Protein chains: 4
Amino acid sequence: MSYFEHIPKIGYEGPQSDNPLAFHHYDRTKRVLGKTLEEHLRIAVCYWHTFVWPGIDIFGQGTFHRPWQQPGDAMERAHQKADAAFEFFSKLGTPYYTFHDTDVAPEGDSLKAYSENFARISDYLARKQQDTGVKLLWGTANLFSHPRYAGGAATSPDPEVFAFAATQVRHALDATHRLGGDNYVLWGGREGYDTLLNTDLVREREQFARFLSMVVEHSHKIGFKGTLLIEPKPQEPTKHQYDYDVAAVHGFLTQYGLQNDIRVNIEANHATLAGHSFHHEIATAFALGIFGSVDANRGDPQNGWDTDQFPNSVEELTLAFYEILKHGGFTTGGMNFDSKVRRQSVDAEDLFYGHIGAIDNLALAVERAAVLVENDRLEQFKRQRYAGWETEFGRKILSGGYSLSTLAGDALDRGLNPQHVSGQQERLESVVNQAIYGLR
Amino acid sequence: MSYFEHIPKIGYEGPQSDNPLAFHHYDRTKRVLGKTLEEHLRIAVCYWHTFVWPGIDIFGQGTFHRPWQQPGDAMERAHQKADAAFEFFSKLGTPYYTFHDTDVAPEGDSLKAYSENFARISDYLARKQQDTGVKLLWGTANLFSHPRYAGGAATSPDPEVFAFAATQVRHALDATHRLGGDNYVLWGGREGYDTLLNTDLVREREQFARFLSMVVEHSHKIGFKGTLLIEPKPQEPTKHQYDYDVAAVHGFLTQYGLQNDIRVNIEANHATLAGHSFHHEIATAFALGIFGSVDANRGDPQNGWDTDQFPNSVEELTLAFYEILKHGGFTTGGMNFDSKVRRQSVDAEDLFYGHIGAIDNLALAVERAAVLVENDRLEQFKRQRYAGWETEFGRKILSGGYSLSTLAGDALDRGLNPQHVSGQQERLESVVNQAIYGLR
Amino acid sequence: MSYFEHIPKIGYEGPQSDNPLAFHHYDRTKRVLGKTLEEHLRIAVCYWHTFVWPGIDIFGQGTFHRPWQQPGDAMERAHQKADAAFEFFSKLGTPYYTFHDTDVAPEGDSLKAYSENFARISDYLARKQQDTGVKLLWGTANLFSHPRYAGGAATSPDPEVFAFAATQVRHALDATHRLGGDNYVLWGGREGYDTLLNTDLVREREQFARFLSMVVEHSHKIGFKGTLLIEPKPQEPTKHQYDYDVAAVHGFLTQYGLQNDIRVNIEANHATLAGHSFHHEIATAFALGIFGSVDANRGDPQNGWDTDQFPNSVEELTLAFYEILKHGGFTTGGMNFDSKVRRQSVDAEDLFYGHIGAIDNLALAVERAAVLVENDRLEQFKRQRYAGWETEFGRKILSGGYSLSTLAGDALDRGLNPQHVSGQQERLESVVNQAIYGLR
Amino acid sequence: MSYFEHIPKIGYEGPQSDNPLAFHHYDRTKRVLGKTLEEHLRIAVCYWHTFVWPGIDIFGQGTFHRPWQQPGDAMERAHQKADAAFEFFSKLGTPYYTFHDTDVAPEGDSLKAYSENFARISDYLARKQQDTGVKLLWGTANLFSHPRYAGGAATSPDPEVFAFAATQVRHALDATHRLGGDNYVLWGGREGYDTLLNTDLVREREQFARFLSMVVEHSHKIGFKGTLLIEPKPQEPTKHQYDYDVAAVHGFLTQYGLQNDIRVNIEANHATLAGHSFHHEIATAFALGIFGSVDANRGDPQNGWDTDQFPNSVEELTLAFYEILKHGGFTTGGMNFDSKVRRQSVDAEDLFYGHIGAIDNLALAVERAAVLVENDRLEQFKRQRYAGWETEFGRKILSGGYSLSTLAGDALDRGLNPQHVSGQQERLESVVNQAIYGLR
């Protein structure tokens, strides 16, 4: 049975095509900087927004009426959902997918039921992967939707909730390992607080560190070769989430000695909610040595919640890919579409339109970023700008050759009077736009 | 000569007084939780906003016409400014003050002139301190106003700018030490970037760490007993400042092993610009063990820049003091008014109105917070909320008694099904308001 | 049958009481400025947040398990919900309630079923009102939750959706009239756009104006004596809502000649989402002559969505009531609690804690505002500040006695050189805080 | 004498050129939709940011050292500034400029001196215009920088300040008329409030309306054929400006019957500070019939103040031009660069880099928008989406053929059950990006 029977396999037709069910820029086999676009992008479609979310928002009921979301036997629906998902992946031609444990299998009414349901569906997913060639970019566990997690999971005031969460992660990590997942993601949706008045920050941080350490140790024990990733987000659903941004995660990991075991999965919309540009969070993750993977989407610059829209700014994505390509591209990471169609976009076609448009934007961004990287005028400018630090004087400062007083003495003796040199921001912005718009 | 001759010494007249040039709540000798209000608050008046800023904003010229801001011999004006400042401190009756090196002395046109001017004025300040009994809460160096710092100070692309900044800090720290300052503050006004396109994040972090290490070492060498403080701020004047918030500073310090040598000076307005409540930043600093001092002011919740208004929410300040009192109060820190009168408030009286109102608000906040702390229903609720973590099961998890798989096994065996327990946020909010408004 | 049997009737016990199930400041019979607190506040409890919302958020399932929310016969549940609601109103002792049509009665599967269900429940509500003495502050229709309204109601691209919405409003307005409601509210939850790319702004404004005109005309025809109210909100669930803020609503009403027929219902959280203070929106509504009623709640200053928390800042509420009292208090309007307990506050007690705390805050605010109004030093200052406009020169300008050129000629002739006079913001802020904290 | 002697006349060299001092996309003679790019864009360079601002910010001194900004005789410097400005305009090849009265001429120390200085410089500007062919897009008066305007200009509490402002506007409007300006702009920089506590909203609105009416009347009297424009801005320097956004201005104009005499000058950065997209403000201005002109710049999405950066998002500009072209393009309006180089960009070249890059972006945007307009798939989709309103039923509703009750009756009789139809936002977003990136 087909869930998208009137939708053809999506092919590449070039920029002139009028066909909205075709790629205009994503020619997956096209080579850029020695790799194909498919290899660069490592695109994943997510289960939750595309196959689970029914089109509700906080003011409205679900607007979608997907066959696999109808009432009925939960396990049967889960199989149908998997069929629909893999049909979608295959028609779209994207190489990866991602899921939460409870996206793919019903929770049931007990831990036992949960583990059995999840095991059966995991087997089914393995079969679907084999049949289609679609691979798992990462798995994760949903530790935020069930009422038991209202006060947090690892940071819950109740150790039994911690234990419940540990059980889910254990299963989800094991399943990810079995399904050949390249990464395992931890998003602490409610690891934070709604009010400081009832919250013990010290205690909750300790709990969270313990939890992460257990996950790291388990991943080693089972021989998981993928990367463990934390996904920063500043708030929502909580008032404040501990994994606020890349810098906060880095500080936490460093405090608990986990900075070599866990990296970050950066979401564009989470970056902007935290008051940072997407570019900033990616550049910062590289600077701190914890870059892992990306959740590709966008927020609305005028709205203050996680709109999870499909990325549509090639300009913004080009800067993100400039960083990624400059650092050698993804290793285990990839571009996961943590994106959802709007609640008004109720047709199955809309699921395709959303992904196709976004994939074309990513393809454009990789190509434009490659232009920037190949003849890296930004890097050249930086090298010249910081040249003073490569002189003997600069090196001596950095290597500890001066104390504050000897340096001050030296400065006074020499009567230093350094002059500011132009940062040329405007010219560099034009360099970027020329890479984006000058390409022919 | 008097600069405020028509202003009397400000006395305490009680809440019923109509006199705007009197305290209504700040009875400095009143004892709360075993200390006087003066000892709790450790109030400081700052030099820059109150005696240096001429009432300009980015769209307008200065509106103030203070005698000591008139054209004339720079050193003479600096002495007049010191006279005016100490007259103000004395009339207001506040025990501390704070300054930047270039607030008190003219920069001159060379490093030599700078150091000579600053030395002479430091001597004068020492004399004024002795005459009035006013003490120095902290000193700092202005590393952001001069054009040489347009691209940063410690993080400048030019090592000579780094050296110039080091010279200023060396002098400012020495002067702070000589003047008996309780702390030394580093606010990295331009330690950040305007655009990532011309910025080497890795390099600039290294420079910054080197700079801080030199400052720490120097403070030890000269026997400075005070506390070194970093002041987080997310942005402005830069697009992004590295010391974004308490968590970012903590991560940075931890990465470079400086977390025991440097603490934070938290500014209310900087907290809110970073997307955090003032309460959050203070509670986080305590949780991370780096709380130092406070810049008391407020931002405008509807404006996105540093308005540095006088604090006027007793409700907000009470929560801040709840954290401070619970942790034993200030040690070397205090409440520095990094606050300025509005550009429209051009009269000398306005300087007094601003400080008097704010001091009364702080006094109220300490008293209300003391009520909260004395019979700490918030703490009692938390203890009961987290009680599970004091059971054998809870302790065993935290102490490493379980691996992920043994804990998951245990949870499955026991068929755990924990139920969420109310967080009672609304009741706790009423507990706070009862402490504020129920007091008689 | 009782739904809150372990909860006593909430009484006034004074500020010293420790009882969380008692009022500490709201003595409903206390007279302030010639009216009782009950008469001043005209408090209403809303149906939707308190009896309908199951504790879901966009990342989580419902956490509440109210008896009337269990599966079962929809009309039976609706009657139980009404019983629970009126038991709650009575125990709390608040004089008013508010509802959407679909809060109180099931929609059914056709317009016919809707109208019959709603009619039956309206009768039941009438009976409950009579039994308890609780009155209806306002009614409204839910034109945003059902999928048919995904693209708007009055501004839908489909005229049948407009007609469906008109049918609901017709029934809800008729029911409000029959139940003696003092106002009828229109919140255009989806009257706006998600993207400009598919939206015809001109057309949608015309539709909206037509809709409102039909409502105005109908209200006259049925002899509704209450006030029609629009509730401004800038966004959420839409990207942009046409009724963005008070100024936008005023402009719309003025353009279509509706400014004498419709006023505004101002919600605190909507004000702050629009970039305004609550105080601003209330003051603006009075200045524009369209103030109607208030939705009392608060947002989270650090989060960008409608958190609808119970109001807990007496400081903020005092400024709101200063405006309201200065303008003679509410006429048909009142304080409706468009507030919900946090998702973590799952107990029935929490519903009471939330309302009790907020009511105490409102009572405090009225009392403090009355102090401000009685000896109105703000007004006195303003009178003196604008005194120049009461001179002959000022009056001549305003009355059209000068053209631009004659006024410029006059200014040149007289060599005008006006000096700025202090706005004394800091002193006035202290005046407000003295009214709040000096009261004994 | 040349101020930019090492800078050549900027020519068009095409997208492949590496020359940063050349246009890559702006071929002014290229025809698009029947007009040249020059005619479409009507670009103006502003005096204030480019020739007056010395590179200060609120935390730092000026970094620029332009020859015409050095100390010296004020009128001599004003002539040099004009020479530099017109040399710049000529080398850049832009057809228009804009100014404030006090940008071009020194204020002097009296109204008399002001008017004489301004008259002399106006004559000089007339000569420069004639010599170079550069024209005036609009003039305006600076009613916000001088201390007298600290409390507002037209909305000042002092009628003499109103009179002073009227004098400036009279002179600036007369000069604009004499210099052949196409528009006259009013930006009410301090027409708003810093605190509601000292502000009489009703009174200030009346003053403002009177002021505007006098300006309108004067413009008619002198036969000014250009357009009068208000420039909305939500805040900064004030806490709240009355001309908050396009909707607020429209409401104000409509209330006072000025909606046919005054239109809006929309600034991108002001739009985003007000919580709107640039696209929104332009589309709204067209929908309300008050679109006039544009201040082209951009804000920083992560900073909350007016950064006035050069526009560099072709994506954003394309949507703006889609609206403008669809409505027939500019009449008297144009694209004025209310943009400034960063404080770090201290070289004369940077002034060129900033403008050149931005002009190229505008050229690209016009071309891409023309693609969208020529085969307007957005419009086609809208037409089909709203088709129901062109049926008899739809027309009857809009033309008043139904009352609320007859329409409700009809809906009930027919058992209406309309189904939501997809809004296809994702597909339409791809249509836009195809126009931007598919162009060959």
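Every residue number used here counts from 1 along the chain in the order it is shown.
Each residue, glycine too, has its Cβ placed from N, Cα and C.
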Further Mg(2+) 1 ligand in TrEMBL, beside A:Glu231, A:Glu267, A:Asp295, within candidate set A:Asp182, A:Asp194, A:Asp338: A:Asp338
Cβ packing number for A:Asp295 (Mg(2+) 1 binding site), 10 Å threshold: 26
If one measures from the C-alpha of A:Asp103 (active site) to the C-alpha of A:Glu231 (Mg(2+) 1 binding site), what distance in angstrom results, rounded to a whole number? 18
Helix, strand or coil at A:Asp103 (active site) [DSSP, three-state]: helix
Helix, strand or coil for A:His270 (Mg(2+) 2 binding site)? Use DSSP. helix
Only counting partners 6 or more residues apart, tell me which same-chain residues put their Cβ under 8 Å from the Cβ of A:His100 (active site). A:Tyr47, A:Trp48, A:Gly139, A:Thr140, A:Ala141, A:Asn142, A:Ala172
Nearest recorded site to A:Asp308 (Mg(2+) 2 binding site) by CA-CA distance, among binding-site residues A:Glu231, A:Glu267, A:Asp295, A:Asp338: A:Asp338
Cα of A:His270 (Mg(2+) 2 binding site) to Cα of A:Asp295 (Mg(2+) 1 binding site), in Å and rounded, measures 9
Which residues of the same chain, at least 6 positions away in sequence, have a Cβ lying under 8 Å from the Cβ of A:Asp306 (Mg(2+) 2 binding site)? A:Lys233, A:Glu236, A:Asn269, A:His270, A:Leu273, A:Gly299
Could you find out if DSSP has A:Asp295 (Mg(2+) 1 binding site) as helix, strand or coil? strand
Sorted by position, what residues of the same chain at least six away from A:Glu267 (Mg(2+) 1 binding site) have a C-beta under 8 A from it? A:Glu231, A:Pro232, A:Lys233, A:Val294, A:Asp295, A:Asn297, A:Asp338
For A:His270 (Mg(2+) 2 binding site), the number of neighbouring Cβ atoms whose distance to its own Cβ is within 10 Å equals 30
